[in-house]
Each structure stands twice: as structure tokens, then as C-alpha cells.
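See below for the structure under consideration.
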Amino acid sequence: MTNPTKPIPLNFDKPRRFMPPKHFADLSADERIDALKELGLPKFRANQIARHYYGRLEADPSTMTDLPAAAREKVKDALFPQLMQPVRAVQADDGETQKTLWKLHDGTLLESVLMRYPNRATLCISSQAGCGMACPFCATGQGGLDRNLSTGEIVDQVRAASATMQAEGGRLSNIVFMGMGEPLANYKRVVSAVRQITAPVPEGFGISQRNVTVSTVGLAPAIRKLADEDLSVTLAVSLHTPDDELRNTLVPTNNRWEVAEVLDAARYYADRSGRRVSIEYALIRDVNDQGWRADMLGKKLHKALGPLVHVNLIPLNPTPGSKWDASPMDRQKEFVQRVIAQGVTCTVRDTRGQEIAAACGQLAAEER
């Protein structure tokens, strides 16, 4: 990890690499019909192909046997470029957590994490290759931004994990945009992916909007824009401290949108969506874990969001080269109690995948 005393710059809009060829999942319903028409195929084939992709979780048209044999190769070449190739999959938590490293068409790397629980299966997906938000305690942020992912690259992470769960006799039930990247910095493609994830087959995978979480470091205008999409996904705001002075360092976007503006936007989202906002808070020993910060956090959240908020405390996950580590257990417990005392619910999140660098803030997509 880059030395936190030498901050890297924010990067919102200057990815260094090229986007992949257009994929079926990148196209609207009308665009799919037009693309098939150019191949000499009738429009009903678009629905047929969608049922294979979203319903049967097939990404190779050669397996779509209800398509004419002569059409399968055409469809594959025109609409199903290979977006991702698995490089490596590593497991933790007795096989219940699996981190997959993917190589994209241009050599860019990304990671996704599948977490199996007794009553659900959650996929943590990436929205960008790398991240431009430059948070000094996060391995992804310190690695910088390669490029935005296409809608197809985001959606295909979900299809691949859904196929894995289906092969095991299970079902992928939850999606969290908490992998690599700032989702709201790739706004249009992320919203398109959310709609495909949550639409019923054959328009999408049929995962409930209430089981989808979109995280952000606090891009206030984009939070308000998301609220106006009339979605009911959970918004998770990575706050990490309630005071602007420290947050300017921990979350550099705070120099553009301060805590009050972020919380105002979060309240707007809660009011429009009817959903409780999740506040993510990485507890860092002797940095942001003081009792007075817990009091301030609880007071600010209660004032801004009332009952429409829950705090997830995340003991800082170790990253290579970082000078920081997690708060001790007794301080975690005190922090929880002091936030709750201000009328805000608060829990310490169960951390999965730490030993394989699959936990929050650890994804670095390294080919090692």
C-alpha cells in the first residue's frame, strides 16, 4: 500500500484503458432487437436469448440449442464477447467465502467475493477496476483507478456467481456493491446493472431490490440522483468519522462534499426510498475510535436521519504497508454502546475473508 503520508490524487473521470466490446447486457431491449435484426434474426429471439442469459445463466450462445445452429455463431460473435476470464479463486471460512480474480479483455484485473451463509448467499461485486477515491486506509483506493467497468462486466459478475450457486443447488440472494471502485462514480452503468439484477426473468436475474446494497464514499449529488431513480435498494455511506477535519484525510472526497451535505443527501435518499440508510465506519485504533467521536456520530446521525439509519462498525482489515490497525475489542464495545446511547442502532459487522484479503478495503486485484 502507498504510504498514507503521501496521498494520491482523487480520480473521477480519467480511466487509462479502453472499454470492452458491446455485450448483450450492455444493450437496452430495443437495441437488442435492432442488433438481432442486423443479423437477420426476428425480434422474438431477443427474449429467447435473455431467458438463457438471465434465467439459465448461460453466457455461451453455442449452448442455446433452441436458436438455429447457423445463428448461434453470429449471436456469439456480435453480442457475447468474452468479458472476463477467471485467473484464480481462493477460499476461506471453511470454503464458505470465495474470492475470484478476473482478467478482463484488456488485461485489467478485478475481484469479486462470494459469501455463503446458512440462509442466503451474498456477492460483493466491483463497479470499477481499481478506485479513484484515494482513501488512505483502503488497498483498492491506494492502488488507483484503471477504468470504469461496463454494464456487461458488472452484470456478468452476478451471472457467474449465480451459476456457481445454481450448480451447488443454491441461489444467489444478495448483492452488495462493495467491491472495487466507487459505484456512484460509474453512475449510469451501475444503475443499469442494478435494474438488470433486480428485474424479473427474462429482463434480469430477479433478485429483490431490498437485497441489493449500493455503497458510496459520499458523492452527495449522485446520492440525490439515485434517490430520484425510484429504486428501493439499500444505500450504504462510508462515513468513517463524523468530523470534517479527520474525514478530509480519511475520505478525500470530503473536501468536496462535507459530512453535513452527505448526511442531507442520505436523508433525501431515505425519504424518497423509504429505506434505512447504512453508515459504514471502519474502526481504526487511536484514529477514529475515540468515545467523543462515537457520541458525535450518534448525535449527528440521529439529528439527520432519525430512525432511518443503522451503523455498521468494521474493525479495520489489515492491508500491506499500512501503518494503521483495528481498534481493540473493548474499544469496539464502548463505541457501540455510545452510539446506541444517542438513539442510533449500531452493530459490529461480521468480517469474512480477511485471511485471503477478501474483506472490506483489502481488494487489490493482484496477480500473485
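Sequential numbering from 1, following the chain as shown.
Using N, Cα and C of the backbone, Cβ positions are placed for all residues, glycine too.
Swiss-Prot annotations:
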- GLU111: active site, proton acceptor (ACT_SITE)
- 117-355: domain 'Radical SAM core' (DOMAIN)
- CYS124-CYS360: disulfide bond (DISULFID)
- CYS131, CYS135, CYS138: [4Fe-4S] cluster binding site (BINDING)
- GLY181, GLU182, SER215, SER238, LEU239, HIS240, ASN317: S-adenosyl-L-methionine binding site (BINDING)
- CYS360: active site, S-methylcysteine intermediate (ACT_SITE)
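Mapped onto this structure are the features recorded in Swiss-Prot.
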| residue | record | Cβ within 10 Å |
| --- | --- | --- |
| CYS124 | disulfide bond | 28 |
| CYS131 | [4Fe-4S] cluster binding site | 26 |
| CYS138 | [4Fe-4S] cluster binding site | 28 |
| GLY181 | S-adenosyl-L-methionine binding site | 30 |
| GLU182 | S-adenosyl-L-methionine binding site | 30 |
| SER215 | S-adenosyl-L-methionine binding site | 22 |
| SER238 | S-adenosyl-L-methionine binding site | 26 |
| LEU239 | S-adenosyl-L-methionine binding site | 26 |
| HIS240 | S-adenosyl-L-methionine binding site | 26 |
| ASN317 | S-adenosyl-L-methionine binding site | 21 |
**Prompt:** How big is the Cα-to-Cα gap, in Å, between ASN317 (S-adenosyl-L-methionine binding site) and GLU111 (active site, proton acceptor)?
**Reply:** 17
**Message:** Given the recorded positions GLU111, CYS131, CYS135, GLY181, GLU182, SER215, tell me which ones have a C-alpha lying within 10 Å of the C-alpha of CYS124 (disulfide bond).
**Reply:** GLU111
**Item:** Alpha-carbon distance [HIS240 (S-adenosyl-L-methionine binding site); CYS135 ([4Fe-4S] cluster binding site)] in Å
**Value:** 10
**Prompt:** Between HIS240 (S-adenosyl-L-methionine binding site) and CYS131 ([4Fe-4S] cluster binding site), how far is it from one CA atom to the other, in Å?
**Reply:** 17
**Request:** By CA-CA distance, flag whichever of GLU111, CYS131, CYS138 among the recorded positions is nearest to LEU239 (S-adenosyl-L-methionine binding site).
**Result:** CYS138
**Item:** Spatial separation of SER238 (S-adenosyl-L-methionine binding site) from CYS138 ([4Fe-4S] cluster binding site) - C-alpha basis, Å
**Value:** 12
**Request:** Between GLU182 (S-adenosyl-L-methionine binding site) and CYS131 ([4Fe-4S] cluster binding site), find the distance joining the two CA atoms and give it rounded to the nearest Å.
**Result:** 6
**Fill in**
Rounded Cα distance, in Å, between GLY181 (S-adenosyl-L-methionine binding site) and CYS131 ([4Fe-4S] cluster binding site) is 4
**Asked** Looking only at Cβ atoms, how many others are within 10 Å of the one on CYS135 ([4Fe-4S] cluster binding site)?
**Response** 24
**Prompt:** Measuring Cα to Cα, how many angstrom lie between CYS131 ([4Fe-4S] cluster binding site) and SER215 (S-adenosyl-L-methionine binding site)?
**Reply:** 13
**Request:** Sorry to bug you, but what's the C-alpha spacing from GLU111 (active site, proton acceptor) to SER238 (S-adenosyl-L-methionine binding site), rounded to the closest Å?
**Result:** 20
**Prompt:** Just the number: how many Å between the Cα atoms of GLU111 (active site, proton acceptor) and SER215 (S-adenosyl-L-methionine binding site)?
**Reply:** 16
